[in-house]
Amino acid sequence: MEEGATSRSLLQKQKLDDNEELIRISCGEEDEGLLLQSDQSSSTITVVVVLSTLIAACGSYAFGNAVGYSSPAESGIEDDLGLGSEEYAVFGSVLTIGAILGAISSGKFADFFGRRGAMGAAEMFCILGWLAMAFSKDAWLLDLGRFLVGCGIGVLSYVVPVYIAEITPKNVRGGFTSLSQFMISSGQGLTFLIGSLVSWRTLALIGIIPCLVHLLGLFFIPESPRWLAKCGRVKEVEAVLQFLRGKNADISQEASDIIEYTENLQLISEDGIRHLFQKKYAYLIMIGVGLMVFQQLGGLNGFGFYASTIFESAGCSIKLGTIAAAVVQISMTAVGVFLIDKCGRLPLLLISAAGSCIGCLLTGFAFFLQDLQCGKDLVAMMVLIGVLVYWASFELGMGGIPWIMMSEIFPINIKGSAGSLVTLVSWIGSWLTSYTFNFLFEWSSAGPFFIYAGVCGMGVLFIAKMVPETKKLALEEIQASITVQ
């Protein structure tokens, strides 16, 4: 190419040392004005995008509702059905077992049936599960219902953030996708509050409402244009993008980029679990899996599932503690939604992991003082502060950003398998934390919190060394640049 000549192509295959072709984005100078115009049109926030995001996020509310159910329902279920602590522990953990099975199939499910189809099927599982729980007369039907709800939210935990990331403009993608975590926190927090006012059966019936809203809303939102491109439905890609961006928006460049990028990726490799373990995807998998490991093993389900036990053991008011925790969760998640596209993913992750570490240390130190028989009021206050610091920090970044990163970094040709793997790791970590908390807490009331603090501290180092910034980049740009690394 002669000097001064310019060209522009979204995808250009570059040979690396191993002579394997990967995708890279390159831009010339000649079409800078065209690019600016395309960026402006593809960055438009329309009513369709907002409504589609809100409807999809109802699935995240259903997720939070399911996670938050076990704590306020504990005493009522044990009294009505005569369950002991061990039987209730099975009830609590069976949700995670169902979610693990849902996570295994989530990627393939979303790739085969589409993002909307996967969300709809997941909500059917949740509705059947809530009905079984609400009308259960013994433990087996109660556990079966909890298991079905787990299967549903295992799929939802993957497909909701992926769908939102694939339909939203790049300049607001972080904020819109983090709305998913806001709805999880809202579902969990409001379930805490409502559960203190109604019976456990009524609470189970209330859990059906967001599932129905989500299921009916799916009929009014478009399919993901990137999934349509993967299926080769080119005309529908353009029609859906026009619907999402507005009838006067110029979507030609964005549609061309998505279609060309997807076609080139499908030439390089096929989707499948064995393709994930190629050298070129190792960095992507390490980021996705690593963030989920530190998110879950940092104590999330310890603080979430056993909040009542923590407050009661510290001599703190359970009602005061759960209400305060719910308010902090919802408010700090809202703060994260507004900050993520301004500050970026990386700073919020670092602050969040460091703050979660401090919250765990405060809680652990409070129980250490309790073992030394120090002031009862001091212990109660320190535990309350520690728990609130943990939730405030966690919801700012570590709660939602790992899911956002998962939806952003994986190319469409491996997104199904990679997403299933990462979601599976998340739910296995969730089960491990929830299953071991009681044993660790009985061994040492301070012990589990110091362990969680250590995990959060290692998470800070991992984020600082390994995690890239993805703020305001198109999905194709993110995936191409990380894959090339």
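Each Cβ is built from the backbone N, Cα and C atoms, and glycine gets one as well.
Per TrEMBL, these features apply:
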DOMAIN    45-471  domain 'Major facilitator superfamily (MFS) profile'
TRANSMEM  45-68  transmembrane segment
TRANSMEM  88-105  transmembrane segment
TRANSMEM  117-135  transmembrane segment
TRANSMEM  147-164  transmembrane segment
TRANSMEM  176-197  transmembrane segment
TRANSMEM  203-221  transmembrane segment
TRANSMEM  281-298  transmembrane segment
TRANSMEM  318-340  transmembrane segment
TRANSMEM  347-369  transmembrane segment
TRANSMEM  381-406  transmembrane segment
TRANSMEM  418-437  transmembrane segment
TRANSMEM  449-467  transmembrane segment
Highest-contact recorded stretch vs the transmembrane segment (318-340), from 88-105, 117-135, 281-298, 381-406, CB pairs under 8 Å = 381-406
Could you name the stretch, out of 88-105, 117-135, 281-298, 347-369, 381-406, with the greatest number of CB pairs under 8 A to the transmembrane segment (176-197)?
-> 381-406
Could you pull out which residues elsewhere in the chain have a CB under 8 Å from any CB of the transmembrane segment (381-406), counting only those six or more residues past its ends?
-> 157-158, 161-162, 165, 173-174, 177-178, 180-182, 184-185, 287-288, 291-292, 294-295, 298-300, 303, 307, 310-311, 314, 316, 320-321, 324-325, 328-329, 332-333, 335-336, 339-340, 345, 348-356, 358-367, 369, 418-419, 422-423, 426, 449, 459, 467, 470
Relative to the transmembrane segment (418-437), which of 281-298, 347-369, 449-467 accounts for the most Cβ pairs at distances under 8 Å?
-> 281-298
So, do the transmembrane segment (281-298) and the transmembrane segment (449-467) meet, by the test of 3 or more Cβ pairs under 8 Å (sequence gap 6 or more)?
-> yes
Mind looking up the mean pLDDT for the domain 'Major facilitator superfamily (MFS) profile' (45-471) in the predicted model?
-> 90
